[in-house]
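The domain 'Protein kinase' annotation in Swiss-Prot covers 24-281 and is backed by sequence analysis. The ATP binding site feature in Swiss-Prot is assigned to Thr104, Glu105, Leu106, Phe107, Lys154; the stated evidence is similarity to another entry. Under the heading active site, proton acceptor, Swiss-Prot lists Asp171. The region 'Disordered' annotation in Swiss-Prot covers 453-473. What Swiss-Prot lists as compositional bias 'Basic and acidic residues' is 463-472.
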Amino acid sequence: MNGEESFVEDCSVFVEIDPSGRYGRYDEILGKGASKTVYRAFDEYEGIEVAWNQVKLRNFTRNPEELEKFFREIHLLKTLNHQNIMKFYTSWVDTNNLSINFVTELFTSGTLRQYRLRHRRVNIRAVKQWCKQILKGLLYLHSRSPPIIHRDLKCDNIFINGNQGEVKIGDLGLAAILRKSHAVRCVGTPEFMAPEVYDEEYNELVDVYAFGMCVLEMVTFDYPYSECTHPAQIYKKVTSGKKPEAFYLVKDPEVREFVEKCLANVTCRLTALELLQDPFLQDDNMDGFVMRPIDYYNGYDETGVFLRHPLIDDPLYHDQFESSQICEIDLFANDDEDHVDISIKGKRNGDDGIFLRLRISDAEGRIRNIYFPFETAIDTAWSVAVEMVSELDITNQDVAKIAEMIDAEIAALVPDWKNDTESSQNVNNNKNNNTAGFCGECASNGYIQETVSSGEKSHHNHHEFDSSEDKSCSSVHGRFADMWGLRESYSDDGEKQSSRKVRSGRWSENEMRRELRWLKARHKIQLMKMRGQTICETPIEISLTPGTSVSLPLLYRAISLPVDAVDM
């Protein structure tokens, strides 16, 4: 009995805890690369296991490009929200241990390559489902504005939860935002790199080529071009248009035709959207229950008989992909029938400072008040609206509409304010199954924290409001104070009753103004660090006002841009 208790106690001991106290890291290593180590960790708030990614900064003293790669991965993961893209939870810089830490979701079955090698007898129906999910993730990346190219798509970078058949794209360290018509850097894994990558002039279709190689890997259990012994041999074959030998071992004509469409010349190559509409990925005949044997790979003689089963109809993308031209996936759906009222009100606090309140109410009487500062010297309506959507996980409003409302209110308060929403990105409609955008319990909010661990008691930007006396809940996410409640009602005698206080005694406008100053201070601190010296072996002491946190995206921006280009 004592042995069992000792085992439980040992397994529950955290070797490290994040600054917020929410995530605890175990000593168990899930994976290890040249610079990054992934540990098993636990989310105490949600009661789920997560992946704790740790990158030692001392590994980059001679290779700052690799450091920027990891900052890029963290920055991109934070801004992405899709069911087929790896979820990002939080990140922080540990200045004492000189490490970057970020927490992502944990995949129970590892990578798709590992999973496929463990389960060799897989029906074509399952392969199709995996393909559809990967393409949906790619479509989301490519439909961003500007598009995002993964640049290193392979089964090693695709993860799966085997108990649900859920597939997600991860490892975005080499991903690039396509700000021009093409990218100009040769990166990736040679076996999965399209011919145009070697010419260093390419677009998002290189991911489609890599996806085709992934399909080939799924059905052949091996890397493409495994017959080559050196990257130079792969380069010669790829640039001369020769397909890998494994392609010719695929006997199923439909599989071969589908892969060939992915590997076609860039001028003829289909997009992720077009591949999703390809007949190969559509459901089989439900009436006939066609179950003919399939022998899709001739190079492995233990696969046995594969049966083609009818697929279940997946209506998720029927409405979303009616148009063949998509600039960016819309973040929210807001139909007229939702009866959602939105209003915004603000007041000036100084020359450049403005304090705003965005109020969202619905037909069921729920009210959401979002308080936030706006500094006209550095903020734009679009950037603040996007930040609000990302931080607060708003799912039922249009980011463009919010940006326009912010612009209009700022213009009313500042006569010489220049409206910026006309040049902002247009957003298309992406139906979202999340219904409310109102939290059920404050304790379970999926907020993102970015803090600096300094060895002392950590402070973070998540403040709980006192909601014990009313039916409301509130929290602070970065610059935003988020308050939920119910609309005022009237009793039988006509007396007005309110389900919540107008403002909590623990939160005031002064605190929001201090929060704005902290945000500005931490930005300047990062610029001073990057101007003064590069990251080195000696820990850097950072003295901040309690409640301050260093934002990884800000640090990433400071690294990526010339210091002189940033206005102090």
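The backbone N, Cα and C atoms fix where each Cβ goes, and this holds for glycine too.
As the structure is a computational prediction, the values presented were derived from the model and not from experiment.
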- Task: Can you see whether DSSP assigns Lys154 (ATP binding site) to helix, strand or coil?
- Result: coil
- Message: For the C-alpha pair, I'd like the distance in angstrom between Asp171 (active site, proton acceptor) and Glu105 (ATP binding site), rounded off.
- Response: 12
- Recorded ATP site residues Thr104, Glu105, Leu106, Phe107, Lys154, farthest C-alpha pair in Å: 19
- Message: Looking at the domain 'Protein kinase' (24-281) alone, can you tell me the average pLDDT?
- Response: 86
- Note on the structure: Same-chain residues at least 6 apart in sequence with Cβ under 8 Å of the Cβ of Leu106 (ATP binding site), in sequence order, are Leu30, Arg40, Ala41, Ile48, Glu49, Val50, Ala51
- Message: Would you identify which of the recorded positions Glu105, Asp171 has the most other C-beta atoms lying within 10 angstroms of its C-beta?
- Response: Asp171
- Note on the structure: What DSSP gives for Thr104 (ATP binding site), in three states, is strand
- For Phe107 (ATP binding site): intrachain residues, at least 6 apart, with Cβ closer than 8 Å: Ala51, Phe159, Ile160, Asn161, Lys168
